[in-house]
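This report refers to the structure that appears directly beneath it.
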There are 4 protein chains.
Amino acid sequence: MSKGVKIVTIGGGSSYTPELMEGFIKRYDELPIKEIWLVDIEDGKEKLETVGKMAQRMWDSSPYDVNVHLSLDRREALKDADFVTTQFRVGLLNARVKDERIPLSYGMVGQETNGAGGIFKAFRTIPVVLSIVEDIKELCPNAWLINFTNPAGMVTDAIIRYGKWEKVIGLCNVPVGAMMAEPELIGKTLDELVYAFAGINHFHWHRVKDLQGNDVTSEIIDKMYSNDSGIPANIHDTPFFIEQLKQMNMIPCGYHRYYYRSEEMLAHMLKEYNDPDVGTRAQQVKQTEAELFELYKDPNLDYKPEQLSKRGGAHYSDAACETIASIYANKNTQIVVSTKNNGAVPDLAPDDVVEVSAYVGAAGARPIAFGSFQPAERGWLQLMKSMELCVEEAAVTGNYGLALQAFTMNPLIPSGETAKRVLDELLIAHKKYLPQFAEKIAELEAAGCIVKGEVAKDLD
Amino acid sequence: MSKGVKIVTIGGGSSYTPELMEGFIKRYDELPIKEIWLVDIEDGKEKLETVGKMAQRMWDSSPYDVNVHLSLDRREALKDADFVTTQFRVGLLNARVKDERIPLSYGMVGQETNGAGGIFKAFRTIPVVLSIVEDIKELCPNAWLINFTNPAGMVTDAIIRYGKWEKVIGLCNVPVGAMMAEPELIGKTLDELVYAFAGINHFHWHRVKDLQGNDVTSEIIDKMYSNDSGIPANIHDTPFFIEQLKQMNMIPCGYHRYYYRSEEMLAHMLKEYNDPDVGTRAQQVKQTEAELFELYKDPNLDYKPEQLSKRGGAHYSDAACETIASIYANKNTQIVVSTKNNGAVPDLAPDDVVEVSAYVGAAGARPIAFGSFQPAERGWLQLMKSMELCVEEAAVTGNYGLALQAFTMNPLIPSGETAKRVLDELLIAHKKYLPQFAEKIAELEAAGCIVKGEVAKDLD
Amino acid sequence: MSKGVKIVTIGGGSSYTPELMEGFIKRYDELPIKEIWLVDIEDGKEKLETVGKMAQRMWDSSPYDVNVHLSLDRREALKDADFVTTQFRVGLLNARVKDERIPLSYGMVGQETNGAGGIFKAFRTIPVVLSIVEDIKELCPNAWLINFTNPAGMVTDAIIRYGKWEKVIGLCNVPVGAMMAEPELIGKTLDELVYAFAGINHFHWHRVKDLQGNDVTSEIIDKMYSNDSGIPANIHDTPFFIEQLKQMNMIPCGYHRYYYRSEEMLAHMLKEYNDPDVGTRAQQVKQTEAELFELYKDPNLDYKPEQLSKRGGAHYSDAACETIASIYANKNTQIVVSTKNNGAVPDLAPDDVVEVSAYVGAAGARPIAFGSFQPAERGWLQLMKSMELCVEEAAVTGNYGLALQAFTMNPLIPSGETAKRVLDELLIAHKKYLPQFAEKIAELEAAGCIVKGEVAKDLD
Amino acid sequence: MSKGVKIVTIGGGSSYTPELMEGFIKRYDELPIKEIWLVDIEDGKEKLETVGKMAQRMWDSSPYDVNVHLSLDRREALKDADFVTTQFRVGLLNARVKDERIPLSYGMVGQETNGAGGIFKAFRTIPVVLSIVEDIKELCPNAWLINFTNPAGMVTDAIIRYGKWEKVIGLCNVPVGAMMAEPELIGKTLDELVYAFAGINHFHWHRVKDLQGNDVTSEIIDKMYSNDSGIPANIHDTPFFIEQLKQMNMIPCGYHRYYYRSEEMLAHMLKEYNDPDVGTRAQQVKQTEAELFELYKDPNLDYKPEQLSKRGGAHYSDAACETIASIYANKNTQIVVSTKNNGAVPDLAPDDVVEVSAYVGAAGARPIAFGSFQPAERGWLQLMKSMELCVEEAAVTGNYGLALQAFTMNPLIPSGETAKRVLDELLIAHKKYLPQFAEKIAELEAAGCIVKGEVAKDLD
C-alpha cells in the first residue's frame, strides 16, 4: 500500500456509492486513497456510468487527487486491490420485489433479509460472492473484503466457511442507528455510554452501561416507551412488549419486531402490499432510486444529496469507510461487525460468524467476548444461526431438502403446503440466478409448477 | 423392599389405572408388589372409588394377593413407598378444554402439551409436582418417582432442576408407538432392529439400524409414504414432506407435525373446534372417559376393557410398569425415557432433561449417547429446550415477562397482541390453579381483562 | 454371513491366540464361525505356524467344524471377512524392550502404553493399522474391526479420525479385572452391582451402585484398603492415597498409579530395570512367551494352557470374543470399550474416542452417557486426551515439533533436554518402523545422534 | 467521584508502593486523585510508616495536592473508596521463603506462584481476599477492586466465583515485559504490532500480527533464538525448544519454562537453594527489600529510586495505574488482565477467570475473543485451570483430599509419598495462616508430623 490505497467496489453502480465517496473523502488524511474502481455488470452499466461520473465529480471538488475507474471487468479491477467492498444485488431490485411479493401473495412475510425473501437473497448471492473470493485469492491475496451485501451475516459466514477466506468483515447500519438514537433518551451522549452488542446480523441484542459501570439498559427501555426512537426507517414501528424487554434486560434490534410482533408486522406488510399506491419496500426503493439517479445525472452535483440519507441504508457506507480506515491506520475503533465468533458468543460455535461489538484494527475485527445469553435469547439465537447454516449449505449445494428444512425452521414462514408452494415458486421466479438448483427447478417446471403470485408478469 | 413392593399412584382415579394394574399383574413374577395406593384429590373422589374398586377386582381375579388402598391423603399414602407414579391432571379435563379452546378461539393451536395449552399445563402442574417431591424427600426418601404427567419433559426437568430430586424417570408412549408400527413396514420385527431416539419429550427423532449394522431409516421413510402407520391416535395424520425427512435421515415423532406442517395441523384443529359434533381433543376424551367409567362401574368387570386401548395414551401405563420392573429387577431394558442428559445429546447442556433411548435398571435410566445433530434438528431442539426452561422458571417464579418470552418463542404461537391476549386470558381462566401468578392475575382483572373465548362459561 | 462367520486375526501368531480360540469355541452356539484366518508377517512365520497348529487342534477337539487358515498375505485373508481382530505388535517384543529400557536408562518411566514408550508404540502402530483399514474398505467393507492392539485408545481414535472407519471397537482387559475383583470386597457378586466406567483407555475411572440405586463406590474404596485386589498383574501394587479416592468418589484404573503415585512407580520400574535377574516387563514377557510357545509345540496340547492366564493380558481375548458375539447376535451386552464419545463424556469432544461402559449389539457400541467430571478428573482427562491427539497427528504426519509437544505434555516425561534426548534416541532406535519420521531421523543421524541406552546392541 | 478519586491500597507497606505513586502522579491529569489510603497490618506497621512517608514526599514534590493516609484499620480506609488495590502478602516474605525452601528441600520446584508454593500462597491469600470483598460490599459498593496479589489468577477467580464480586480486575506484569522486549527483535515498535494474549495468569501464550495483518509470531520466535530478550528478571533464561514454539506458532510466557523445561528449571533452583550465598528467590528479595527500605528512610528521597526497577515485579504498579485510569476515564486501553472469560477462551468455561488481552474502560475489562487453541495448548490449559479450581475450593473449604488432588495434578509436583509429605509440612509450616485447615493440621500434628525442611527454624 506504499503508493496509496486501491479500493474496489463490486456493485459500484449502486445509489449508495456517493455516500461511500463522501466517507472516503472525509477520512482521506488517515486513509490516503490512490484509486477507486467501481465495478458492475452489463445490466448495471448505465447506472454505473451515472454514479461513476458523480463519484469522480465528488473527488474533483475535494482537495485530493483520486481517480475513479469504472469497469465491467471484475478481474481487471481486482488486480492488486487493498480493499474490496461488496454492495451488489444479484437480480437487482426486481429480484427483491419478487422476494417480497411472492411470499406476501400467500400471506407470509416478504422481506429483503428475513423470511422466505431473505433465504432467496442468500441463495442468489452466496455463489456469486464465493466466485469473487476466488478472484481475490488469485488477484489481490492481501486485500480485505468488506461486505455489506445482504444478508450480510450469511454472506460473511459463507465467505469464511465455504470460501475459506478469513480477511472479511461484514457490516450493517442497524447498530449505528441504535447508538445514534438511544443516548439522548437518557440525556447522555454516545461518548458517555458503553455499548455491548451480540447476536447475528439483523438478530442481535445490546446492553448499555454508563461511565460508572452501571447497567442503564433498563433505563433506556423505560424511556423508549415514551419516546419512540432508535428504529431504522425501513422497519415499521410497532413497539416491543415492555414486559419482555424488561425480562431480558437487553434491547433487541429493530428486525426483532418480525419475530416478537409477527402479527402486527405481517398485517402492516400486507397492507402496503395490497395498496397499489404504496407497494412493498422494494417498490418504494425503486422509486427512491430512480429519483436519486435523476439527481446524480446533474453534472453540477458534486456532493452527496440530502435525499440519499432517507434511503434505508443510511450510515452503511459510512460504517464501511470507518472500518477500512480503522484497518488501514490500526485505529482500534469499536464497531459492530459480522466476524468469526471465536467464543465471543459462547452459545454458538467458535467458527460461526456472529455480529458483535469488536475492535477493528490492522489485524481485522477482534470481537469482544459477550458471555452467555439467558435461555430465551439463547434459544432464538441458536435456532436462527442453525437456520442460516442450512440456507448457506443449500445455497452452495442446491440441496432442495435442506432448502425446505430452512423454510420449515424459519419462524416467519408458517410450515406446510403453502410454504412449500412459496419455496417452489421462488425457485422458478429466480431461476436465472439459481444455477445450483437447476435440476430441481427443471423437475418443478416439468410438473407444471408456475409462479402464481401476481408479481411475475412485469419483472423479467 | 424385602417385604414386597409398595407402589403409590398420584392421580390414581385416572381412567388409565386399569392399564397400570394389568401391567403390574403381568409382571408380578419379577415385581412382587405388596400394596398399591391410589391417591387422588377430593374432586376426584368418585372416580377414584370407581376405578379403585375395579383395580381391586383385577387383582382379586389374579393369582396374587395385593391390596389396593384408596386415599385422599397423599402423605399417608407416600409413607415408605418404593415407587411413586404421577398421572394426575391439575384442573382435570376441564382445564385441558380451556387450554385447547381459548387459543383456538383466537386461531392458534390449542393442544395439551404444545403451544399455549402445553405451557399452561406446565404452569399448573410444576408447582404441584414439586410439592409432591418435598413429601417424597420426607416420607419415602428411597423411592423412585415415575412421572407420566404431561408435559412429561418439562415436569421431569423441573423435578431435577428445581426439586433437586434425581431419582425420577419421565415416560411417554409415543416412542413405543413408533417401534410397534414401523418394523413391519420393512418386513422386520422389532427384535431385528436397533432404535436410537433423542430429543426432548414430544419433540424427538429416531434412527434405525438393522442387525447387520446398516442404517435402514431411509428405507422406513420410503415405506411410510405408501403405508401410513406409526402415528399416535391423537395426532392428525398429515404426512411430513418426504424431502425433509430424507434430508434429515431421521424419523420425527408425531408431534413434529405441529411444527413441520403447522398450516394443516391448525386447519384440522380449527375444523374440529368449530364442529359442535366433534369438539377438541379434550372434549372427545371427556366423552371417552365417561364411557370408560360407566364400564368400570360394572361389578363384574375385572380386566382392562378393550375400549381403553383407544384412548390416546395407550402403552403409557405399560411403559411405566416395565420401567418399574426394570429398576426393581435390574433388567437393563432399553426404554425411551425423559432423564438427565449427561451428554447423551451434546447439543444441549449436560444437566438438561432430554428424551432418549436408555437402559433402565437398578441405577435408574442410563441414557445412550446419541451424538450431535445436524444444524436443522439442532436449531429446533435448542429453541424448544430453551423455551421449556423459560416455562419452567416462570412456573416456579410466576414471572410474567418470562411467560411472555416463552409465548413469543413458541413456534405454535404467532407473536403479537393476540398472543398476549391469549396469555392473559389463560391466566385468568386458570386462576384457581396458578397461585404463583396471583399478583399479575389481580392486575389483569383490575384492568378489566376477562376470558372472551367461548369456553369459559360452563367449565368452572 | 449366511454361510457362517469369517474371522480374520491380524497378528495371529500371538501367544494370546489360544485364548481367542477358547473364547470362540465357548460361544459357538451364538457365533457360528465357519473359518478363522490367522495372519502374520514373515518375521512371525514360525510363531504363526506353532500357534496356528495349536489353534486347529483346539477346534478339532471341539464339536465344531472350523478351519484355521494361516497366511502371510493379509489381503488374501481379509477377503469377505465378517470380523477382523488386530492384536499385532509392530517390531515385536524387541521394540517394546526399547520402549521400556531407553526411557528408563534416563530415569524416566519406560512402559508399553504410558510415557515415552506408549507414544512410540503409537508412532509405530498407527500407520500400519491405517493401512489395514484401507484394505478392509476394499476387501471386506461390511466387516467390524475389533482392535486390541495397544495403545488401544489412540489406535481406535486414529482409525476413526484419520482412517474414517466407524465400524471399530477398541478393547482392553483392565475394566474386566476391576469388575472381577471388586464385588467380593463388599460381599456382592458382579450381578448385584451396576458399574459405570468413563475416561480414555488406561486412564478411566468408575463408579458403582448397588441394586437399590445407592452409590457404593466409597464402600469399595474403604475395603480396598484392607484387601488389595483389583490390580492388573502388570501394575505394581502401590495403593492410591485414600484421601484422594474419597474426594473423587470414583475408583481409578490401575494405570492411574503412574500418575497418582509417580514417585513409587518409577522407583519400582528402575529397580526391575537395574536388576539383571528381573528386567523390564517386556523382558519378563519374552521369557513367558518363549515358555508358552514351547508348550504350544506339544502336538498333544489342544486346550488353552493354564500358564497363559498369568500373562498380563488375561481376559483380553475373552472380551474380544464377547464383543464379536454381542455384535453378531445383537446381545446388547454391557462392555467397557473404546468408541466414539458422542457426548458420553461431555468434557471431551463428541468425536473423540473414549473408553466407557457401552451396550454392544448389532449397531456396534452405544456408549452410556456418564456426565461431566469434577475439576480434578476433568483436567487430567482433557490433558491426556489432548496429548493423545498430538501423538496421533504426529504418527500420521511425522511432525517432530508435535512429537516434542506430546513428550512435553506427557506427565510421565519430565520436560527438558533429557526428554528431547529420549525422543531422539527412540526415533533412531525404531527407525525401521517409522518411515513417517525418516527425514528427521536422517537429520538426527547426520548430527551424530546415536542410541546410548544400553539396550540397543542386541535387539536389531 | 465528583470530589476527586479515593484510592485504597491494601498491603500499602509494600516496597512497590513508590512505583504505584509514580504511576498515579504521571496520570493525574486523567485520574484526579483526592486521597490515597495505604493500609497494612500490625506486623507491617514499620514498613508502612517508612513507605508511607516516602509516598507523601513524592506527592509533595509533585504539583498535586494529594494526602496519603496510613492506617491499620482496613474498614476505616475502605469507606467510600473508588478503587481498591490489593498487593498484600499473607505471612510476608517469610511465608514465601517456606513456600520455596520446603519443596526444594525435597527436590521439587519451590516457587511463589507455581508448584506447591503457589498452591499454598493461594491457600493463605484467598480467605483474606474474600473477607476484604465482604468489607467492600458493605463499605464501598461502587468500588473497583484491582488485584495484583499473587497468585493473581486464582485470587481473581475466587473473588468472582466465591466472593460473587464482579467488579474486579487481576493484573500481572509479565505480558508488559513481553510487549516491551519483543518488537525490537523484528525491528518494530509496539505501536506497529497487534498482540493477542490468552490463557491464565502465568500460563498464557500470545500471537503477534503486523499492521498489514500478517502473523509475525514465527519471525519473532526466530529472532528470540539469536537475541534472548523478553524474559522477566525472576525466571531463569533457559530457552524453549524452538521446534516446539514453531509448532504452536505462539510465544509462551516466561513461566512456561517451568513446564516446558522442567529439568533445567529445577536444576537451577536447586543450585540457588543449595548455595548459601545465593538462596532462593524470596531470600534474594528479602535482601533487595531491606535495601529499598533503607533508601526509603532517606527523608530527602522523593522519587522512585532506580533500584526498585530491578525488583521482579517491575511494571506491575504501572499496569495497575493504567488500569485504574482507563476505567475512570473510559480510555479503552488494551491491557492484558485476569477477568471473567465470557467465551474469549472457548476451551475453558465462560465463567472461568482467564488472562487475556482486553479493552479496559468504564465497564471494566472487555476480553477480546481469542478462539480455540490447538490440542497441545488446550490440554495444558484445561489441566492448569482445573487444578486452579481444586486449589480455590480447597482454600475455601479446607478440604484436604482436594488439596491432595491439586498437588497430584500439578505438573511441578511429582506425585507420591514425598508430595504428600511436602503438602503436610507446608500445612504445618503455615498453620498460623490456614485456619480453614485447622482440623487436618491438628490431626497431622497429633500424628507427629513436623517440618523437616531446614527452613523452619528461623522464620516464625
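Cβ coordinates are placed from backbone N, Cα and C, and glycine is handled just like the others.
For reference, TrEMBL has these:
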BINDING   C:ARG96, C:ASN150  substrate binding site
BINDING   C:CYS172, C:HIS202  Mn(2+) binding site
DOMAIN    C:197-413  domain 'Glycosyl hydrolase family 4 C-terminal'
SITE      C:GLU112  site 'Increases basicity of active site Tyr'
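Known features from TrEMBL, placed on the structure.
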residue  : record                                       : DSSP class
C:ARG96  : substrate binding site                       : helix
C:GLU112 : site 'Increases basicity of active site Tyr' : coil
C:ASN150 : substrate binding site                       : coil
C:CYS172 : Mn(2+) binding site                          : coil
C:HIS202 : Mn(2+) binding site                          : coil
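Taking C:GLU112, C:CYS172, C:HIS202 as the recorded positions under consideration, the smallest Cα distance to C:ARG96 (substrate binding site) is found for C:GLU112. Annotation for C:CYS172 (Mn(2+) binding site): same-chain Cβ neighbours under 8 Å, separated by at least 6 residues, are C:PHE148, C:ALA152, C:ASN201, C:HIS202, C:TYR316, C:ALA319, C:VAL336, C:SER338, C:GLU355. C:GLU112 (site 'Increases basicity of active site Tyr') sits 8 Å from C:ASN150 (substrate binding site), taking the Cα positions as reference. Every protein chain considered, the tally of other Cβ atoms within 10 Å of the Cβ of C:HIS202 (Mn(2+) binding site) stands at 27. Of all the Cβ atoms in the protein chains shown, 25 others lie within 10 Å of the Cβ of C:ARG96 (substrate binding site). On the 0 to 100 pLDDT scale, the domain 'Glycosyl hydrolase family 4 C-terminal' (C:197-413) averages 91 in this prediction. Taking a C-beta cut-off of under 8 angstroms and a sequence separation of 6 or more, C:ASN150 (substrate binding site) has the following same-chain neighbours: C:GLU112, C:THR113, C:GLY118, C:LYS121, C:THR125. Around C:GLU112 (site 'Increases basicity of active site Tyr'), taking its Cβ as the centre, 21 other Cβ atoms fall within 10 Å, counting all chains.
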